[in-house]
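J.: Can you read through this structure? Questions will come right after.
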Amino acid sequence: MRSHYCTDLSKADIGKEVILCGWANTYRDHGGVVFIDLRDVSGLIQLVCDPADSKEAHDVAAKVRDEYVLKAKGKVRARGEGLTNPKLKTGEIEVIVSELIIENPSEPLPFMIGDESVNEDIRLKYRFLDLRSERLQNIFKMRSRAAIAARNSLDKMGFIEFETPVLTRATPEGARDYLVPSRVYPGQFYALPQSPQLFKQLLMCSGFDKYFQIAKCFRDEDLRADRQPEFTQIDIEMSFVEQEDIINMAETMLKDIFKACGHDIKTPFRRMSYKEATETYGSDKPDLRYDLKMIDVIDIFERSSNEIFSSIAKDKKKNRIKALKVPNGDNIFSKREMNRFEEFVRKFGAQGLGYFQMKEDGLKGPLCKFFEQSDLDEIVSRCELKVGDVVFFGAGKKKIVLDYMGRFRIFLAEQMGIIDQDRLEFLWVLDFPMFEQNDDGSYSAMHHPFTMPKNIDEPDLEDILSIAHDVVLNGFELGGGSIRIHKNDIQQKVFKLLGIDEAEQREKFGFLLDALTFGAPPHGGIAIGFDRLNMLVNKASSIRDVIAFPKTQRAQCPLTKAPSYASNEQLRELGLRIREKEQKA
(Lines of atoms letter the chains of each structure in order from A; the text may use other names.)
(Lines give C-alpha, C1' and ligand atoms only; values in the text may rest on other atoms or scores of the structure.)
Protein backbone atom coordinates (compact mmCIF):
# COMPACT_ATOMS: atom_id res chain seq x y z
CA MET A 1 0.00 0.00 0.00
CA ARG A 2 2.88 2.39 0.67
CA SER A 3 6.26 3.18 -0.81
CA HIS A 4 7.90 4.55 2.34
CA TYR A 5 7.51 4.97 6.07
CA CYS A 6 7.11 8.62 7.07
CA THR A 7 10.55 9.14 8.59
CA ASP A 8 12.33 7.21 5.82
CA LEU A 9 12.05 10.42 3.81
CA SER A 10 14.62 13.22 3.88
CA LYS A 11 15.87 16.12 1.76
CA ALA A 12 17.50 13.52 -0.50
CA ASP A 13 13.98 12.50 -1.59
CA ILE A 14 12.87 15.97 -2.74
CA GLY A 15 11.01 15.65 -6.03
CA LYS A 16 10.13 11.98 -5.53
CA GLU A 17 6.55 10.76 -5.73
CA VAL A 18 5.69 8.73 -2.65
CA ILE A 19 2.77 6.85 -1.13
CA LEU A 20 2.35 7.07 2.64
CA CYS A 21 -0.12 5.48 5.07
CA GLY A 22 -0.94 6.31 8.67
CA TRP A 23 -3.12 8.25 11.08
CA ALA A 24 -4.04 11.94 11.12
CA ASN A 25 -2.13 13.13 14.17
CA THR A 26 -3.19 16.77 13.83
CA TYR A 27 -5.24 18.77 11.31
CA ARG A 28 -4.94 22.50 10.52
CA ASP A 29 -6.67 24.70 7.92
CA HIS A 30 -4.60 27.79 7.11
CA GLY A 31 -6.30 30.07 4.62
CA GLY A 32 -7.84 27.26 2.62
CA VAL A 33 -4.71 25.07 2.63
CA VAL A 34 -5.04 21.99 4.85
CA PHE A 35 -1.99 20.72 6.76
CA ILE A 36 -2.10 17.21 8.20
CA ASP A 37 0.62 15.68 10.38
CA LEU A 38 0.56 12.05 9.24
CA ARG A 39 1.77 9.53 11.83
CA ASP A 40 2.92 5.98 11.30
CA VAL A 41 5.02 3.63 13.40
CA SER A 42 8.19 5.51 12.42
CA GLY A 43 7.05 9.03 13.28
CA LEU A 44 5.50 12.13 11.66
CA ILE A 45 5.58 13.97 8.35
CA GLN A 46 3.60 17.00 7.22
CA LEU A 47 1.09 16.61 4.36
CA VAL A 48 0.01 19.71 2.44
CA CYS A 49 -3.40 19.59 0.73
CA ASP A 50 -3.60 22.68 -1.50
CA PRO A 51 -6.58 23.08 -3.86
CA ALA A 52 -4.17 24.62 -6.38
CA ASP A 53 -2.38 21.26 -6.60
CA SER A 54 -5.36 18.90 -6.24
CA LYS A 55 -8.91 20.04 -5.54
CA GLU A 56 -10.00 16.41 -5.07
CA ALA A 57 -7.36 15.77 -2.39
CA HIS A 58 -8.23 19.07 -0.71
CA ASP A 59 -11.94 18.17 -0.62
CA VAL A 60 -11.11 14.85 1.06
CA ALA A 61 -8.74 16.59 3.50
CA ALA A 62 -11.56 18.89 4.60
CA LYS A 63 -13.35 15.82 6.00
CA VAL A 64 -10.34 14.52 7.95
CA ARG A 65 -10.37 14.55 11.76
CA ASP A 66 -8.04 13.24 14.48
CA GLU A 67 -7.00 9.57 14.09
CA TYR A 68 -8.57 9.07 10.66
CA VAL A 69 -6.64 6.39 8.77
CA LEU A 70 -5.23 7.86 5.55
CA LYS A 71 -3.39 6.89 2.40
CA ALA A 72 -1.65 9.82 0.70
CA LYS A 73 0.11 10.07 -2.65
CA GLY A 74 2.24 13.08 -3.50
CA LYS A 75 5.64 14.67 -4.07
CA VAL A 76 8.28 15.49 -1.50
CA ARG A 77 9.37 19.12 -1.38
CA ALA A 78 11.46 21.31 0.90
CA ARG A 79 9.62 23.44 3.42
CA GLY A 80 9.65 27.16 2.86
CA GLU A 81 12.21 29.42 4.53
CA GLY A 82 11.44 29.86 8.21
CA LEU A 83 8.88 27.03 8.15
CA THR A 84 11.14 24.13 9.14
CA ASN A 85 10.52 22.23 12.38
CA PRO A 86 13.77 21.15 14.09
CA LYS A 87 11.80 18.99 16.56
CA LEU A 88 10.79 16.60 13.76
CA LYS A 89 13.09 14.19 11.96
CA THR A 90 11.23 15.20 8.77
CA GLY A 91 11.04 18.85 9.78
CA GLU A 92 12.81 20.14 6.65
CA ILE A 93 10.42 18.52 4.15
CA GLU A 94 6.72 18.04 3.44
CA VAL A 95 4.57 16.12 0.96
CA ILE A 96 2.31 17.95 -1.53
CA VAL A 97 -0.68 15.62 -1.77
CA SER A 98 -2.13 14.78 -5.19
CA GLU A 99 -4.38 11.95 -3.99
CA LEU A 100 -5.86 11.35 -0.54
CA ILE A 101 -7.95 8.37 0.56
CA ILE A 102 -9.70 7.99 3.90
CA GLU A 103 -9.17 4.29 4.58
CA ASN A 104 -11.16 4.45 7.82
CA PRO A 105 -12.70 7.28 9.85
CA SER A 106 -12.52 7.44 13.64
CA GLU A 107 -15.14 8.11 16.26
CA PRO A 108 -14.48 11.16 18.47
CA LEU A 109 -11.68 10.19 20.85
CA PRO A 110 -12.37 9.54 24.56
CA PHE A 111 -9.07 11.35 25.27
CA MET A 112 -6.24 12.93 23.33
CA ILE A 113 -3.52 10.50 22.32
CA GLY A 114 -0.56 10.88 24.70
CA ASP A 115 -2.50 12.76 27.40
CA GLU A 116 -1.16 11.09 30.55
CA SER A 117 -3.30 13.22 32.87
CA VAL A 118 -6.25 10.99 31.92
CA ASN A 119 -7.29 8.46 34.57
CA GLU A 120 -5.31 5.24 34.09
CA ASP A 121 -8.42 3.04 34.12
CA ILE A 122 -9.80 5.02 31.15
CA ARG A 123 -6.51 4.72 29.28
CA LEU A 124 -6.42 0.97 29.96
CA LYS A 125 -10.03 0.60 28.80
CA TYR A 126 -8.95 2.11 25.47
CA ARG A 127 -5.45 0.63 25.57
CA PHE A 128 -5.39 0.30 21.76
CA LEU A 129 -5.59 4.13 21.64
CA ASP A 130 -3.20 4.67 24.55
CA LEU A 131 -0.59 2.52 22.79
CA ARG A 132 -0.59 4.94 19.83
CA SER A 133 1.23 7.55 21.95
CA GLU A 134 4.84 8.26 21.03
CA ARG A 135 6.05 7.42 24.55
CA LEU A 136 4.47 3.96 24.61
CA GLN A 137 5.44 3.24 21.00
CA ASN A 138 9.06 3.95 21.96
CA ILE A 139 8.80 1.78 25.08
CA PHE A 140 7.69 -1.28 23.12
CA LYS A 141 10.28 -0.77 20.40
CA MET A 142 12.86 -0.69 23.21
CA ARG A 143 11.34 -3.80 24.78
CA SER A 144 11.69 -5.64 21.47
CA ARG A 145 15.34 -4.57 21.17
CA ALA A 146 15.99 -5.82 24.71
CA ALA A 147 14.45 -9.24 23.94
CA ILE A 148 16.45 -9.61 20.73
CA ALA A 149 19.66 -8.58 22.53
CA ALA A 150 19.01 -11.14 25.29
CA ARG A 151 18.46 -13.93 22.77
CA ASN A 152 21.52 -12.98 20.72
CA SER A 153 23.72 -12.71 23.82
CA LEU A 154 22.64 -16.09 25.20
CA ASP A 155 22.91 -17.71 21.77
CA LYS A 156 26.53 -16.50 21.51
CA MET A 157 27.22 -18.13 24.89
CA GLY A 158 25.87 -21.48 23.70
CA PHE A 159 22.41 -21.50 25.28
CA ILE A 160 19.47 -23.44 23.83
CA GLU A 161 15.99 -21.88 23.90
CA PHE A 162 13.17 -24.07 25.26
CA GLU A 163 9.46 -23.77 25.93
CA THR A 164 8.27 -25.41 29.15
CA PRO A 165 4.64 -26.31 30.03
CA VAL A 166 2.14 -23.65 31.05
CA LEU A 167 -0.33 -26.24 32.35
CA THR A 168 1.51 -27.93 35.21
CA ARG A 169 0.90 -28.78 38.87
CA ALA A 170 1.00 -26.64 41.98
CA THR A 171 4.34 -26.38 43.81
CA PRO A 172 5.15 -24.30 46.91
CA GLU A 173 7.07 -21.32 45.51
CA GLY A 174 5.95 -18.57 47.85
CA ALA A 175 2.77 -17.21 46.24
CA ARG A 176 -0.73 -18.48 45.49
CA ASP A 177 -1.18 -20.44 42.27
CA TYR A 178 -3.66 -19.74 39.51
CA LEU A 179 -5.59 -22.98 39.17
CA VAL A 180 -7.14 -24.34 35.95
CA PRO A 181 -9.84 -27.01 36.41
CA SER A 182 -9.56 -30.14 34.27
CA ARG A 183 -12.68 -31.12 32.30
CA VAL A 184 -11.27 -34.59 31.58
CA TYR A 185 -10.39 -35.28 35.23
CA PRO A 186 -13.21 -33.76 37.33
CA GLY A 187 -12.04 -32.37 40.66
CA GLN A 188 -8.42 -32.13 39.50
CA PHE A 189 -6.60 -28.93 38.62
CA TYR A 190 -3.63 -27.72 36.67
CA ALA A 191 -1.63 -24.77 38.02
CA LEU A 192 -0.17 -22.01 35.91
CA PRO A 193 3.59 -21.90 36.61
CA GLN A 194 4.99 -19.34 39.04
CA SER A 195 8.28 -20.04 37.25
CA PRO A 196 9.73 -22.83 35.07
CA GLN A 197 11.99 -23.76 38.01
CA LEU A 198 11.51 -27.52 38.15
CA PHE A 199 11.37 -28.00 34.39
CA LYS A 200 14.64 -26.16 33.82
CA GLN A 201 16.29 -28.29 36.49
CA LEU A 202 14.95 -31.40 34.76
CA LEU A 203 16.45 -30.14 31.48
CA MET A 204 19.82 -30.00 33.21
CA CYS A 205 19.24 -33.59 34.33
CA SER A 206 18.52 -34.30 30.64
CA GLY A 207 22.02 -33.19 29.67
CA PHE A 208 21.23 -29.97 27.79
CA ASP A 209 23.90 -27.97 29.68
CA LYS A 210 22.60 -24.44 28.95
CA TYR A 211 18.89 -23.54 28.86
CA PHE A 212 16.99 -20.30 28.49
CA GLN A 213 13.54 -19.06 27.67
CA ILE A 214 11.71 -15.76 27.80
CA ALA A 215 8.99 -17.21 29.96
CA LYS A 216 5.52 -16.12 31.00
CA CYS A 217 4.91 -16.70 34.72
CA PHE A 218 1.83 -16.36 36.92
CA ARG A 219 1.43 -15.47 40.60
CA ASP A 220 -1.81 -14.75 42.42
CA GLU A 221 -0.44 -12.16 44.83
CA ASP A 222 -1.21 -8.66 46.03
CA LEU A 223 -0.27 -6.12 43.38
CA ARG A 224 2.08 -3.15 43.67
CA ALA A 225 3.52 -0.65 41.21
CA ASP A 226 6.12 -3.21 40.09
CA ARG A 227 4.02 -6.41 40.20
CA GLN A 228 1.51 -8.06 37.85
CA PRO A 229 -0.40 -11.37 38.08
CA GLU A 230 1.28 -12.47 34.84
CA PHE A 231 4.79 -11.37 34.04
CA THR A 232 7.77 -12.22 31.86
CA GLN A 233 11.24 -13.31 32.90
CA ILE A 234 14.46 -14.25 31.14
CA ASP A 235 14.87 -17.71 32.63
CA ILE A 236 18.32 -19.32 32.60
CA GLU A 237 19.91 -22.54 33.85
CA MET A 238 23.42 -23.98 33.42
CA SER A 239 25.12 -27.28 34.27
CA PHE A 240 28.58 -27.84 35.79
CA VAL A 241 28.81 -24.28 37.09
CA GLU A 242 29.68 -22.46 40.27
CA GLN A 243 28.10 -19.21 41.43
CA GLU A 244 30.87 -17.16 39.82
CA ASP A 245 30.07 -18.63 36.39
CA ILE A 246 26.42 -17.60 36.68
CA ILE A 247 27.32 -14.08 37.82
CA ASN A 248 29.76 -13.60 34.92
CA MET A 249 27.22 -14.90 32.40
CA ALA A 250 24.45 -12.64 33.74
CA GLU A 251 26.69 -9.57 33.67
CA THR A 252 27.64 -10.29 30.06
CA MET A 253 23.98 -10.65 29.05
CA LEU A 254 22.85 -7.54 30.94
CA LYS A 255 25.68 -5.52 29.42
CA ASP A 256 24.52 -6.61 25.94
CA ILE A 257 20.86 -5.84 26.70
CA PHE A 258 21.57 -2.39 28.10
CA LYS A 259 23.91 -1.57 25.21
CA ALA A 260 21.08 -2.40 22.78
CA CYS A 261 18.91 0.01 24.78
CA GLY A 262 21.46 2.83 24.60
CA HIS A 263 23.29 2.40 27.91
CA ASP A 264 26.92 1.39 28.46
CA ILE A 265 27.16 -0.23 31.88
CA LYS A 266 30.34 -1.13 33.74
CA THR A 267 31.10 -4.65 34.87
CA PRO A 268 31.83 -6.33 37.21
CA PHE A 269 28.97 -5.14 39.42
CA ARG A 270 29.52 -4.29 43.06
CA ARG A 271 28.87 -7.15 45.53
CA MET A 272 27.46 -7.18 49.04
CA SER A 273 26.28 -9.79 51.52
CA TYR A 274 22.63 -9.95 52.54
CA LYS A 275 23.71 -9.09 56.08
CA GLU A 276 25.60 -5.96 54.99
CA ALA A 277 22.73 -4.85 52.76
CA THR A 278 20.07 -5.16 55.44
CA GLU A 279 22.19 -3.87 58.33
CA THR A 280 23.59 -0.87 56.39
CA TYR A 281 20.70 0.04 54.08
CA GLY A 282 17.67 -1.62 55.68
CA SER A 283 16.91 -3.58 52.52
CA ASP A 284 18.06 -6.66 50.61
CA LYS A 285 17.74 -4.55 47.44
CA PRO A 286 19.42 -1.26 48.38
CA ASP A 287 19.48 1.76 46.09
CA LEU A 288 23.14 2.80 45.92
CA ARG A 289 22.60 5.99 43.91
CA TYR A 290 22.88 7.92 47.18
CA ASP A 291 25.10 7.39 50.19
CA LEU A 292 22.83 7.43 53.26
CA LYS A 293 23.93 4.58 55.53
CA MET A 294 22.73 3.15 58.82
CA ILE A 295 25.25 2.84 61.64
CA ASP A 296 25.03 0.38 64.54
CA VAL A 297 25.00 2.21 67.90
CA ILE A 298 23.32 -0.40 70.10
CA ASP A 299 26.36 -0.71 72.39
CA ILE A 300 26.37 3.04 73.11
CA PHE A 301 22.63 3.08 73.89
CA GLU A 302 23.14 0.17 76.29
CA ARG A 303 24.78 2.66 78.64
CA SER A 304 21.87 5.12 78.36
CA SER A 305 19.94 6.10 81.50
CA ASN A 306 16.75 5.69 79.44
CA GLU A 307 15.40 2.29 80.49
CA ILE A 308 13.65 1.70 77.16
CA PHE A 309 16.89 2.10 75.20
CA SER A 310 19.03 0.17 77.66
CA SER A 311 16.58 -2.77 77.81
CA ILE A 312 16.37 -2.94 73.99
CA ALA A 313 20.17 -2.87 73.78
CA LYS A 314 20.61 -5.87 76.09
CA ASP A 315 19.43 -8.36 73.43
CA LYS A 316 21.74 -7.64 70.51
CA LYS A 317 20.60 -10.68 68.53
CA LYS A 318 16.88 -9.91 68.42
CA ASN A 319 17.00 -6.11 68.62
CA ARG A 320 18.64 -3.22 66.77
CA ILE A 321 19.40 0.44 67.43
CA LYS A 322 20.42 2.15 64.20
CA ALA A 323 21.62 5.65 63.45
CA LEU A 324 21.00 7.34 60.09
CA LYS A 325 23.12 10.41 59.41
CA VAL A 326 21.84 13.16 57.12
CA PRO A 327 24.68 15.50 56.11
CA ASN A 328 23.67 19.16 56.52
CA GLY A 329 20.21 17.97 57.57
CA ASP A 330 19.93 20.69 60.22
CA ASN A 331 19.97 23.27 57.43
CA ILE A 332 17.59 21.28 55.18
CA PHE A 333 14.82 20.24 57.58
CA SER A 334 13.02 22.38 60.13
CA LYS A 335 12.42 21.07 63.63
CA ARG A 336 8.74 20.74 62.74
CA GLU A 337 9.58 18.60 59.69
CA MET A 338 11.88 16.37 61.75
CA ASN A 339 9.12 15.82 64.28
CA ARG A 340 6.77 14.92 61.42
CA PHE A 341 9.17 12.22 60.23
CA GLU A 342 8.05 10.20 63.24
CA GLU A 343 4.57 9.94 61.68
CA PHE A 344 6.16 8.35 58.60
CA VAL A 345 8.07 5.61 60.45
CA ARG A 346 5.14 4.82 62.76
CA LYS A 347 3.23 3.60 59.68
CA PHE A 348 5.78 0.77 59.47
CA GLY A 349 5.78 -0.31 63.10
CA ALA A 350 8.15 2.19 64.74
CA GLN A 351 7.47 3.19 68.34
CA GLY A 352 9.17 6.51 67.77
CA LEU A 353 12.09 8.27 66.09
CA GLY A 354 14.83 10.07 67.98
CA TYR A 355 17.35 12.54 66.60
CA PHE A 356 20.39 14.65 67.47
CA GLN A 357 21.48 17.89 65.80
CA MET A 358 25.19 18.65 65.51
CA LYS A 359 25.72 22.26 66.58
CA GLU A 360 28.89 24.32 66.99
CA ASP A 361 28.96 23.45 70.70
CA GLY A 362 28.17 19.75 70.27
CA LEU A 363 25.17 17.44 70.04
CA LYS A 364 21.77 18.88 70.87
CA GLY A 365 18.38 17.23 71.13
CA PRO A 366 15.85 15.80 73.55
CA LEU A 367 17.82 12.54 73.93
CA CYS A 368 21.02 14.19 75.19
CA LYS A 369 19.91 14.09 78.82
CA PHE A 370 20.02 10.28 78.80
CA PHE A 371 23.73 10.05 77.91
CA GLU A 372 27.08 10.81 79.50
CA GLN A 373 29.19 13.30 77.56
CA SER A 374 31.67 10.55 76.68
CA ASP A 375 28.86 8.57 75.01
CA LEU A 376 27.69 11.63 73.08
CA ASP A 377 31.26 12.14 71.93
CA GLU A 378 31.36 8.51 70.77
CA ILE A 379 28.15 9.02 68.75
CA VAL A 380 29.77 12.04 67.07
CA SER A 381 32.91 10.02 66.33
CA ARG A 382 31.22 6.83 65.12
CA CYS A 383 28.73 8.69 62.90
CA GLU A 384 31.46 11.11 61.72
CA LEU A 385 29.19 14.07 62.43
CA LYS A 386 29.99 17.60 61.31
CA VAL A 387 28.33 20.86 62.26
CA GLY A 388 24.93 21.04 60.55
CA ASP A 389 24.41 17.27 60.39
CA VAL A 390 21.38 15.52 61.84
CA VAL A 391 21.38 11.90 62.97
CA PHE A 392 18.14 9.95 63.43
CA PHE A 393 17.75 6.85 65.61
CA GLY A 394 15.47 3.84 65.38
CA ALA A 395 15.24 1.22 68.14
CA GLY A 396 13.30 -2.01 68.64
CA LYS A 397 12.94 -5.49 67.16
CA LYS A 398 15.54 -6.24 64.48
CA LYS A 399 13.18 -6.97 61.59
CA ILE A 400 10.95 -3.96 62.28
CA VAL A 401 13.81 -1.48 62.80
CA LEU A 402 15.71 -2.51 59.68
CA ASP A 403 12.51 -2.27 57.64
CA TYR A 404 11.31 1.16 58.75
CA MET A 405 14.78 2.71 58.83
CA GLY A 406 15.37 1.38 55.31
CA ARG A 407 12.10 2.93 54.16
CA PHE A 408 13.00 6.15 55.99
CA ARG A 409 16.33 6.23 54.14
CA ILE A 410 14.49 6.16 50.79
CA PHE A 411 11.97 8.75 52.03
CA LEU A 412 14.75 11.16 53.08
CA ALA A 413 16.56 10.77 49.74
CA GLU A 414 13.35 11.60 47.89
CA GLN A 415 12.64 14.57 50.16
CA MET A 416 16.15 15.94 49.62
CA GLY A 417 16.09 15.30 45.86
CA ILE A 418 19.49 13.55 45.92
CA ILE A 419 18.57 10.58 43.69
CA ASP A 420 20.28 10.78 40.29
CA GLN A 421 17.55 9.57 37.92
CA ASP A 422 20.04 9.05 35.08
CA ARG A 423 22.35 6.77 37.06
CA LEU A 424 22.27 2.97 36.81
CA GLU A 425 23.68 1.37 39.95
CA PHE A 426 23.91 -2.43 39.80
CA LEU A 427 24.62 -4.66 42.77
CA TRP A 428 24.90 -8.37 43.55
CA VAL A 429 23.49 -9.39 46.93
CA LEU A 430 24.95 -12.71 48.12
CA ASP A 431 24.96 -15.04 51.15
CA PHE A 432 21.21 -15.01 51.79
CA PRO A 433 19.81 -16.95 54.73
CA MET A 434 18.48 -20.30 53.55
CA PHE A 435 15.38 -20.04 55.74
CA GLU A 436 13.25 -17.27 57.21
CA GLN A 437 10.92 -17.53 60.17
CA ASN A 438 7.22 -16.87 59.66
CA ASP A 439 4.98 -15.06 62.13
CA ASP A 440 3.64 -18.40 63.40
CA GLY A 441 7.17 -19.62 64.22
CA SER A 442 7.45 -22.00 61.25
CA TYR A 443 10.16 -21.65 58.63
CA SER A 444 10.01 -21.23 54.86
CA ALA A 445 12.70 -21.05 52.19
CA MET A 446 13.82 -17.48 51.59
CA HIS A 447 14.26 -18.12 47.85
CA HIS A 448 12.84 -21.59 47.18
CA PRO A 449 13.48 -25.07 48.61
CA PHE A 450 15.67 -26.13 45.66
CA THR A 451 18.51 -23.73 46.57
CA MET A 452 21.80 -25.32 47.64
CA PRO A 453 22.66 -24.55 51.29
CA LYS A 454 26.22 -23.58 52.21
CA ASN A 455 26.20 -25.09 55.69
CA ILE A 456 23.25 -27.47 56.02
CA ASP A 457 24.50 -28.99 59.30
CA GLU A 458 24.25 -25.77 61.36
CA PRO A 459 22.04 -26.49 64.40
CA ASP A 460 20.21 -23.13 64.18
CA LEU A 461 18.17 -22.80 60.96
CA GLU A 462 18.67 -19.03 60.97
CA ASP A 463 22.44 -19.53 60.65
CA ILE A 464 22.22 -21.65 57.48
CA LEU A 465 23.17 -19.65 54.38
CA SER A 466 22.29 -20.40 50.77
CA ILE A 467 24.35 -20.18 47.58
CA ALA A 468 21.92 -17.63 46.18
CA HIS A 469 22.38 -14.39 44.29
CA ASP A 470 20.11 -11.43 43.56
CA VAL A 471 20.98 -8.72 41.07
CA VAL A 472 19.67 -5.30 42.10
CA LEU A 473 19.30 -2.13 40.04
CA ASN A 474 18.47 1.24 41.62
CA GLY A 475 16.65 -0.32 44.57
CA PHE A 476 14.70 -2.88 42.55
CA GLU A 477 15.33 -6.62 42.52
CA LEU A 478 16.09 -7.16 38.84
CA GLY A 479 16.56 -10.89 39.15
CA GLY A 480 17.59 -13.74 41.36
CA GLY A 481 18.90 -17.26 41.27
CA SER A 482 21.06 -19.82 42.98
CA ILE A 483 23.10 -22.95 42.76
CA ARG A 484 20.53 -25.76 42.97
CA ILE A 485 20.49 -28.91 45.05
CA HIS A 486 21.54 -31.76 42.77
CA LYS A 487 21.74 -34.53 45.39
CA ASN A 488 18.66 -36.40 46.53
CA ASP A 489 19.70 -36.70 50.19
CA ILE A 490 20.31 -32.94 50.56
CA GLN A 491 17.01 -32.13 48.86
CA GLN A 492 15.13 -34.47 51.17
CA LYS A 493 16.87 -32.95 54.20
CA VAL A 494 15.83 -29.43 53.15
CA PHE A 495 12.25 -30.58 52.66
CA LYS A 496 12.32 -32.16 56.12
CA LEU A 497 13.63 -28.94 57.71
CA LEU A 498 10.70 -27.13 56.08
CA GLY A 499 8.24 -29.56 57.63
CA ILE A 500 7.48 -31.40 54.38
CA ASP A 501 7.16 -35.08 55.26
CA GLU A 502 8.14 -37.97 52.99
CA ALA A 503 4.60 -38.58 51.76
CA GLU A 504 4.19 -34.95 50.70
CA GLN A 505 7.68 -34.97 49.15
CA ARG A 506 6.75 -37.94 46.98
CA GLU A 507 3.35 -36.52 46.06
CA LYS A 508 4.55 -33.06 45.03
CA PHE A 509 8.18 -33.58 44.05
CA GLY A 510 8.57 -37.28 43.33
CA PHE A 511 9.54 -36.62 39.70
CA LEU A 512 12.32 -34.23 40.80
CA LEU A 513 13.62 -36.54 43.52
CA ASP A 514 13.69 -39.38 41.00
CA ALA A 515 15.63 -37.25 38.51
CA LEU A 516 18.21 -36.41 41.18
CA THR A 517 18.95 -40.13 41.62
CA PHE A 518 19.86 -40.64 37.95
CA GLY A 519 23.13 -38.71 37.73
CA ALA A 520 21.90 -35.12 38.05
CA PRO A 521 24.79 -32.70 37.35
CA PRO A 522 25.73 -29.75 39.55
CA HIS A 523 23.67 -26.86 38.16
CA GLY A 524 22.37 -23.39 38.85
CA GLY A 525 20.79 -20.41 37.22
CA ILE A 526 19.04 -17.09 37.42
CA ALA A 527 15.85 -15.39 36.26
CA ILE A 528 15.79 -11.73 35.24
CA GLY A 529 12.48 -9.87 35.52
CA PHE A 530 12.02 -8.70 31.94
CA ASP A 531 9.11 -6.35 32.67
CA ARG A 532 10.97 -4.74 35.55
CA LEU A 533 14.12 -4.41 33.45
CA ASN A 534 12.13 -2.54 30.81
CA MET A 535 10.46 -0.38 33.45
CA LEU A 536 13.88 0.76 34.68
CA VAL A 537 15.41 1.20 31.21
CA ASN A 538 12.48 3.39 30.16
CA LYS A 539 12.22 5.26 33.51
CA ALA A 540 8.56 4.25 33.70
CA SER A 541 6.71 4.88 36.94
CA SER A 542 4.82 1.58 36.77
CA ILE A 543 5.39 -1.86 35.32
CA ARG A 544 2.00 -1.45 33.61
CA ASP A 545 3.61 1.03 31.22
CA VAL A 546 5.87 -1.67 29.73
CA ILE A 547 3.27 -4.44 29.35
CA ALA A 548 1.11 -4.13 26.24
CA PHE A 549 -2.14 -5.18 27.91
CA PRO A 550 -1.61 -5.08 31.68
CA LYS A 551 -3.96 -5.70 34.57
CA THR A 552 -4.85 -2.94 37.02
CA GLN A 553 -3.75 -3.03 40.65
CA ARG A 554 -7.06 -4.80 41.27
CA ALA A 555 -5.96 -7.59 38.86
CA GLN A 556 -8.60 -6.60 36.29
CA CYS A 557 -8.38 -5.79 32.58
CA PRO A 558 -10.63 -2.78 31.78
CA LEU A 559 -10.24 -3.49 28.06
CA THR A 560 -11.51 -7.10 27.97
CA LYS A 561 -13.31 -6.92 31.33
CA ALA A 562 -11.38 -9.95 32.59
CA PRO A 563 -11.89 -11.77 34.88
CA SER A 564 -15.47 -12.65 33.92
CA TYR A 565 -18.11 -15.08 35.08
CA ALA A 566 -18.24 -18.54 33.53
CA SER A 567 -21.54 -19.74 32.09
CA ASN A 568 -23.55 -22.41 33.91
CA GLU A 569 -22.85 -24.78 31.02
CA GLN A 570 -19.08 -24.27 31.37
CA LEU A 571 -19.28 -24.85 35.12
CA ARG A 572 -21.31 -28.03 34.63
CA GLU A 573 -18.75 -29.37 32.14
CA LEU A 574 -16.01 -28.78 34.70
CA GLY A 575 -18.00 -30.23 37.58
CA LEU A 576 -17.86 -26.94 39.47
CA ARG A 577 -20.44 -25.01 41.47
CA ILE A 578 -20.01 -21.46 42.74
CA ARG A 579 -20.77 -21.06 46.43
CA GLU A 580 -22.09 -17.76 47.70
CA LYS A 581 -19.56 -16.00 49.90
CA GLU A 582 -20.51 -16.50 53.53
CA GLN A 583 -21.43 -13.33 55.37
CA LYS A 584 -19.55 -12.70 58.60
CA ALA A 585 -21.75 -12.36 61.65
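Every residue, even glycine, has its Cβ placed from backbone N, Cα and C.
What Swiss-Prot records for this protein is below:
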BINDING   GLU173, ARG219, HIS447, ARG484  L-aspartate binding site
BINDING   ARG219, ASP220, GLU221, GLN228, GLU477, GLY529, PHE530, ASP531, ARG532  ATP binding site
REGION    197-200  region 'Aspartate'
SITE      HIS30  site 'Important for tRNA non-discrimination'
SITE      GLY82  site 'Important for tRNA non-discrimination'
J.: At the level of the C-alpha atoms, what whole-angstrom distance separates HIS447 (L-aspartate binding site) and GLU477 (ATP binding site)?
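T.: Cα to Cα, HIS447 (L-aspartate binding site) and GLU477 (ATP binding site) are separated by 13 Å.
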J.: For PHE530 (ATP binding site), what is the secondary structure state per DSSP, taken as helix, strand or coil?
T.: helix
J.: Roughly how many Å separate the Cα of GLU477 (ATP binding site) from that of ARG484 (L-aspartate binding site), to the nearest whole number?
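T.: If we compare the Cα positions of GLU477 (ATP binding site) and ARG484 (L-aspartate binding site), the gap is 20 Å.
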J.: In whole Å, how far does the CA atom of GLY82 (site 'Important for tRNA non-discrimination') lie from that of ARG532 (ATP binding site)?
T.: 44
J.: Measuring Cα to Cα, how many Å separate ARG484 (L-aspartate binding site) from ARG532 (ATP binding site)?
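T.: One finds 24 Å between the Cα atoms of these residues.
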J.: Across the whole of the region 'Aspartate' (197-200), what does the mean pLDDT come to? Round it, please.
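T.: 94, rounded to a whole number.
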J.: In whole Å, how far is HIS30 (site 'Important for tRNA non-discrimination') from GLU221 (ATP binding site) when you measure between their Cα atoms?
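T.: Answer for this pair: 55 Å between alpha carbons.
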J.: Over the span of the region 'Aspartate' (197-200), count residues by DSSP class, listing helix, strand and coil in order.
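T.: So the counts come to 4 helix, 0 strand, 0 coil.
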J.: Do me a favour and check the Cα-Cα span between HIS30 (site 'Important for tRNA non-discrimination') and ARG532 (ATP binding site); whole Å is fine.
T.: 46
